[in-house]
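The annotation signal peptide is assigned in TrEMBL to 1-21. The domain 'Plant heme peroxidase family profile' annotation in TrEMBL covers 55-259. For P96, the entry in TrEMBL reads substrate binding site. According to TrEMBL, the feature heme b binding site maps to H126. Residues annotated as Ca(2+) binding site in TrEMBL: T127, D179, T182, D187. The disulfide bond annotation in TrEMBL covers C133-C165.
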Amino acid sequence: MHFPTISLVFCLFFFQPFVYGQLDYKFYDTTCPNLTKIVRFGVWSAMANDTRIAASLLRLHFHDCISNTGGRFWSVALGRRDGLTANITAANTETPSPFESLDGIIAKFTSKGLDIKDVVALSGAHTIGFVQCFAFKFRLFNFSGSGSFDPSLDASLASNLQTQCPNQDDSDTTLVPLDPVTTTKFDNMYFRNLVNNSGILGSDQALMTDNRTSAMVINYSKYPFWFAKDFSDSMVKLSNVGVITGQNGQVRDKCNLVN
């Protein structure tokens with residue numbers, strides 16, 4: 001995939017507040033009428049070489065912006081620009097962490113104009129992709145000083161995870177699928193896992209134990225098309241966070257370098 005095309009997919013916004021303007025579904029119809037096809041087939045090609053690329057693209061949506069991804073499809077307005085600077089502190093502090101409480105995650109979403117439904121729907125991206133053991137290993141051994149695993153975690157899953165992620169430092173970077181049932185399929189199995197106390201991350205399982213979110217989890221676990229629609233809507237909503245307007249920003253010739 002050519003670098004300018006990549007820059008159209010990954011334009012920097014670092015999860016900034018909502019600002020609308022200068023975006024259009026037909027932004028490139030004249031200058032690059034085949035843009036969406038180029039991006040779509042580029043992503044498909046990358047996924048053929050590495051199935052994890054789909055999950056990586058979804059995660060980048062929380063750090064950057066997107067114009068298209070593999071798997072589910074939705075239309076978003078085009079014309080976003082790249083920022084001229086990068087802020088690693090903002091990226092690390094404003095993006096939700098698997099170690100923080102649900103209250104903290106909801107607060108980060110709402111500060112950007114998103115709501116609780118967006119929190120639950122977008123968490124469904126964990127139906128694909130992998131996570132390193134260090135992000136959840138604290139749930140497996142001596143959880144909260146109990147001498148055992150997190151009681152909100154299914155016992156059979158806990159045992160399997162303890163085997164994959166033994167209580168030693170050299171297992172910290174071992175990759176484990178977030179959805180061990182249908183690892184590479186974008187579906188609603190993530191929510192079915194939560195209902196069965198099989199969420200890998202504590203921050204995910206918390207969605208099932210909170211009255212504000214549990215009903216949505218159950219609904220998504222029963223009705224996959226409902227999840228698919230809400231996920232698409234929330235992704236479009238997220239793509240409008242932090243739009244650079246006026247004369248600010250640029251479309252980079254190379255995605256990792258300012259022009």
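Residue numbers in this text run from 1 along the chain shown.
Using N, Cα and C of the backbone, Cβ positions are placed for all residues, glycine too.
Mean predicted confidence for the domain 'Plant heme peroxidase family profile' (55-259): the pLDDT average there is 86. Rounded to a whole value, the Cα-Cα separation of D187 (Ca(2+) binding site) and H126 (heme b binding site) is 10 Å. For the recorded positions P96, C133, C165, D179, T182, a Cα to Cα distance of within 10 angstroms from the residue listed as 'heme b binding site' holds for D179.
Just so you know, of the binding-site residues T127, T182, the Cβ with the fewest other Cβ atoms around it within 10 Å is the one at T182. Taking the mean position of the Cβ atoms of T127, D179, T182, D187 as the Ca(2+) site, the remaining residues of that chain whose Cβ falls within 8 Å of it are I128, V181, T183, K185, F186, N188, M189, Y190.
Sequence-distant contacts (6 or more apart, same chain, Cβ under 8 Å) of D179 (Ca(2+) binding site) comprise H126, T127, I128, M189, Y190, N193.
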